[in-house]
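Copied from TrEMBL, the annotated features are:
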- 20-39: transmembrane segment (TRANSMEM)
- 51-71: transmembrane segment (TRANSMEM)
- 91-112: transmembrane segment (TRANSMEM)
- 132-152: transmembrane segment (TRANSMEM)
- 186-212: transmembrane segment (TRANSMEM)
- 238-260: transmembrane segment (TRANSMEM)
- 266-288: transmembrane segment (TRANSMEM)
Amino acid sequence: DQANVTLYDATAVAAVTLEAFAGMWINAFIVSVICMAWVKKKVLNSTDKILLFLGCSRFWHLCIGWTYYFLSIIYPKYFHVHPVFPLFDSVQSILNCSNFWVSTCLCVFYCIKIANFRNSFFMYLKVKIDRIVLWFLLVAVLFSLVIGIVVYDITETALCKSFNSTTQGILWKSSIRVNEHFFPSYFIIGFVFGTSFMTVVFSALLLLSSLWRHKRNMQRNSMKDLSMDAHIRAMKSILSLFVLYNINLICFILTIVYAVKGQNHVMFLISVFMYAFPGVHSLILIFSNPKLEKTMLRMLACVKCKVCMKQ
């Protein structure tokens with residue numbers, strides 16, 4: 001049994017490591033390309049600001065998340081010591097919330113920038129959106145920090161009820177299932193999931209409505225407009241995030257259910273899906289952005305040429 005457990009743990013760590021490092025490479029690519037363009041042009045547009053912040057957030061989210069998972073599987077006794085676990089949980093919550101809120105900011109930005117409505121408030125936002133992007137990002141960061149502080153306080157309070165003082169230090173009580181004490185943390189993260197999810201849905205509906213009206217006007221006037229491509233590209237990005245949000249939300253709910261039951265095999269499958277989200281969505285963003293797509297294809301072509309030359 002011990003050999004099977006060890007083999008299972010090694011397989012789980014290997015799978016999560018592969019996904020995490022792939023996601024980190026993809027987001028590091030986004031950050032490096034945008035930073036190099038920033039250095040060359042000395043200017044950073046609003047889309048690049050959001051993508052830069054999102055890439056950094058997801059890179060560190062995957063890095064900390066992988067460390068969290070690795071320590072909890074390989075070195076559980078060293079990991080489950082105060083205050084290591086509350087700090088990891090708090091930092092991971094900050095990065096997770098930042099990841100989702102910045103993704104939501106990107107969807108809202110696409111919606112306001114591309115959609116066409118005659119509402120005066122919407123027109124005001126359309127004019128001012130480039131100036132308030134930084135404020136959106138600042139609010140996302142501050143909100144994430146508040147969530148992280150609250151999660152740290154909840155986690156530390158919960159652990160105080162589950163700790164058993166010994167001569168070697170403060171360790172877990174094996175008879176108590178720690179996840180049962182973390183429902184307030186789950187509720188907070190669920191609130192972040194739900195709020196950002198509803199914002200993405202609202203943005204997608206607005207953009208879809210604008211696309212439908214725009215297409216109808218074009219057919220009526222027998223005209224072709226380049227903004228149709230912008231609508232479709234933004235819709236692909238938002239709908240991909242919408243689908244991934246659905247998958248992630250289901251995985252989050254399953255995490256709450258199976259964490260309490262202690263079914264590690266199911267938790268491993270859920271972790272695989274959740275660690276795939278930051279990398280897969282960032283890859284979709286790359287291929288929906290002409291500059292990033294061109295750089296990625298050029299890099300892949302260079303790698304392919306070098307491999308062919310070696311062979």
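Cβ coordinates come from backbone N, Cα and C, glycine included.
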Cβ under 8 Å to the transmembrane segment (266-288), counting only same-chain residues 6 or more beyond its ends: which ones?
8, 12, 15-16, 19-20, 22-24, 26-27, 29-30, 51, 54-55, 58, 61-62, 65-66, 69, 99, 103, 106, 233, 236-237, 240-241, 244, 247-248, 251-252, 254-255, 258-259, 296
In the same chain, which residue numbers or ranges, 6 or more beyond the ends of the transmembrane segment (132-152), come under 8 angstroms Cβ to Cβ?
46, 49-50, 53, 86-87, 89-91, 93-95, 97-98, 101-102, 105, 108-109, 125, 185, 188-189, 192
